[in-house]
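Only one structure is covered here, and it is reproduced in the block below.
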């Protein structure tokens, strides 16, 4: 309906004018930098191709989704997931094409677990015969599966799971049984309403030899189990399964609870590539190489690390574009004429956003490096060599913890830097924030898994201390031995971090090494309890992972010979900003181990501000280079064209279902919707 | 709702030890007298009021909370209006006072569409209206015959009130004002209760007389018809759409197309237009407006303690019930360890436990200061202060007392709301996977609290006002003309001792901890002054320094207030010796944990040595965690937050965490009413509903 507001325009200078000016003041070639970042595996080309298909589908419009109730939003999510799967057939999409579509639609798919953990587990842990039976059913989607490991009372500690799989030698079946309420499976994605099959992880209980009523636990094992009827989709007798309810995010995922009551499954249900129960004798055969199991977890963590850059880039894109467009107050040192200042010109805004912009690039190069390490380790394993697994496991744990924290906190920092509108649905950061905040907890809680890193580093340090004068077996070992040879005190000559770029990376490594040595002293020499050291160990893991981020960034820039010099210069500034800003926040640790002098630490704040001033003119083009489409951003504030206020108004005015309802505001009248004549019982009856 | 589970499920219990047993054990190992401490924190009257209202409200079906997180936006708002109406009906029947109404609103746990009517609309009419306007607007508003809101911020303008674009032009011919929105960015935006509920608004608009601008002023404007509730002609008003939180509030937009209002609709207690001469009469007491804002900010500080307490209560109780892994150094078969025993969990939760006490006592201290200054301020303020930007550090004479309190309230508002907001998220993450469930009670509450970090002054913008005040005080100290107040005292003290150095014994002497925080603030103040006055650096280039300075100053104020509270005779007489010494431990934990986090500033200012920081980190904080750990559950119990208000499976006072999570998932979750068809090539989504769909 037309009204007088149709003719109103934002005050000048408006968003498009401002962003055009921003883009004109930087010489960066977006295509060059964008291709450098995202073209090596065809990412950008794929993004463009898939995007054009998705935008033709009305079901994939994101306009009103934030208003829906949980049941309605879930239905929408399922409808979209079905559509995407049908598009695979229609356009003959590859797996990467499909993943791209999922990324752009940005719903967590209720089929996610079917496509990931369910299929992967069967592929990796099923015997040949089991694979021959199940894989065709799974790949043709005739059955839909999930992965049920965590329980109501048990998360990270897999050994503590309570669900039992008890072997019955008479019938040669396993009996799945939940002895307590805390044994209920919980949080298992795709299982609440969608899957009809699941990998169920349960404690394997076998009769004690020579006893008829005593059992021995052999630890958690995976079983493949049908849980719903293939026709009615209702749970089978003896199974209780459902969705666990509303969450902070992941609204389109049916995370599940599931309980079993003496539910019988055949012998063939136990996935038996690595371990087996002989159906005749009931004798258990042990896993051949348990390390392989954590190979797939490492893969998931490596993926998370690699993806973090795009998540953060999305938030930073919105923040940079909107703070460039948004104006507030005049510069108090100016003559008072001219418009209000662009918010991005305030150092208090820059200090929140520009280091995060720098972080996107740091995450990028480390993500690439993590992939390479993973590929190499995988090849080693295939050759039967397992020595690189521990290193990769430690690296992926530490980086998963650090990178997801940087991205999750970064999204929220960006959102708050947007001022009031950051709280609105038009910011585009709310669903992103809600969904991504699961990442610090899933696939290993960020606080828990840092112990694995620390434990690995302490072990390495213990080895290094024993023979500091021998040649190092790997990069870490050499670094540790050099540290010991140089004497462990902090009276070394500080690195010149303000002058030499490599010294920055060395400074980060020295800090991590010194903390590793501290931890070794406390734990191995002074025998301090593990628990009393946890905080220190967490800091150690973070320091180690940050040294990787800085070193990989440095290596990428110093070995690159493709970037033009104008971009290269800016990338070096970005490297320095990322590293020095991190260093300033943790200045005490760098100073304490002698990596940096106090006078340099005192200069850091000024240096950081100088770097921000150098990067500031390029900020809009730097985020443009991440090439995040408006469809994915779904943000009035972060639009490429800068039409921020028009879009916010359009969303409020035209896309908001609440404005179709007229309320009765008088408290003495029960009626809620004007003219409905409802005496209030309508609302009550739904409670 | 879903059908009840089969008997075999009903019979299941959580694996032992039960949550109730673990919490009982926790409570048995501490002698903190919860009742006494509660009364000291909240007063007996407040606790009784809370009990009475829970008993009254909880049984009413309309206040049921079980579906809150599953509903769509439209339905949530409808229900919230139903709650607001019911509350107002009870308030009338029972003749509630303001405190009762406030407590009732806190207990039902969500902002309602009457929120801004009951607060800002009534307050503004009362404070800025003349007696004639009180009769015309306030009396009807108090009876809810007209329902209003406060429309200040615009689509393109937040903190900078001077930049507002809505205009109010005086028409001398017919003695009216024309309210107009010249651009799209002039649209009022974020205005609570306006979107679908209010029929009136106090509109802040730029006053123009004869083409000359007189800055923003408040006007009462009717926006909807009292009968049909439809917008009046040439008024365009609606709700701004879904948000991160606060979805039970109809934040609105509002545009005017040359709407005329009578002369009497300009709120005229402080400034007005003479009808006969068409002359503008200047504000009599503009600083009183300042005063209201200061009061609002002091309240935010006090509330921040309570907000954080909700998160800490939930996370602490759940960490006592939740067990994970065996202690690496424990005997085999010891059973899994309570998560609260992990140092890594303690170091996240216990400093927040200390913070909630710190903020509470600081808020109390500020409210007292506000009351004290209220009368003196009225006498001391003087006219002629009509220009105000975010930056200028020159203060006008005559407003020193106000400036002191104002600067204090700005900085503390920023620190307190940031601490509480971020603290809630730390608590949520400390709950592990279950913290992500809405039934944890933290996530939704965090989302509703977050706007506090932005409204009543964005936390980053506010820090400029603190810096401006500190610089001014430092100049006064240097010129020997300083006022007799605490800020001047710490600056003078620093100047006197600067050559000798500090040598504070922060590890042994509590008073020295306060002194070290003061030292750091003073040091940063004079550093900033050097940059600004000697090196002539631009205001803009110093904003980051100012932000650090403001944070440092506010942390000093919290440490000082906390110290004074735990050393006060009132506390000594109200609490037993053991609880009292525990309060001191909480003080030390808050202060030393902060000191350790901001270590670089403390050692580069010379307040402490690197050795002291190392000892703080490795020894002192660890020891404090050990001291406080056994009392953690009782210390949160003392905050006396009713289970109904917490609305959390994880934080239940009886520890029945798992039973409650399961009950809600299986019995209160509408998604489980739906049976889906899971196959991609079947377009039908549901098995138990015809194929038609709303999508």
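Backbone N, Cα and C atoms are what each Cβ position is placed from, and that goes for glycine too.
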Stretch carrying region 'Disordered' according to TrEMBL (options A:1-24, A:25-48): A:1-24
Chain residues in Cβ proximity to the region 'Disordered' (A:1-24) (below 8 Å; excluding those fewer than six residues from its ends, i.e. six or more beyond): 321, 324-325, 339, 342, 617, 619-621, 624, 639-646, 649, 653
Local confidence of the prediction over the domain 'Acyl-CoA oxidase C-alpha1' (A:294-458), expressed as mean pLDDT: 86
Proximal but sequence-remote residues of the same chain as residue A:189 (FAD binding site) (Cβ under 8 Å, at least 6 apart): A:110, A:112, A:113, A:146, A:147, A:253, A:254, A:255, A:256
Under 8 Å by Cβ from residue A:150 (FAD binding site), counting only residues of that chain that are 6 or more apart: A:185, A:186, A:187, A:188
Counts of helix, strand and coil residues, the region 'Disordered' (A:1-24), according to DSSP: 14 helix, 0 strand, 10 coil
Three-state secondary structure, residue A:150 (FAD binding site) (per DSSP): coil
Secondary structure of residue A:189 (FAD binding site) (DSSP, helix/strand/coil): coil
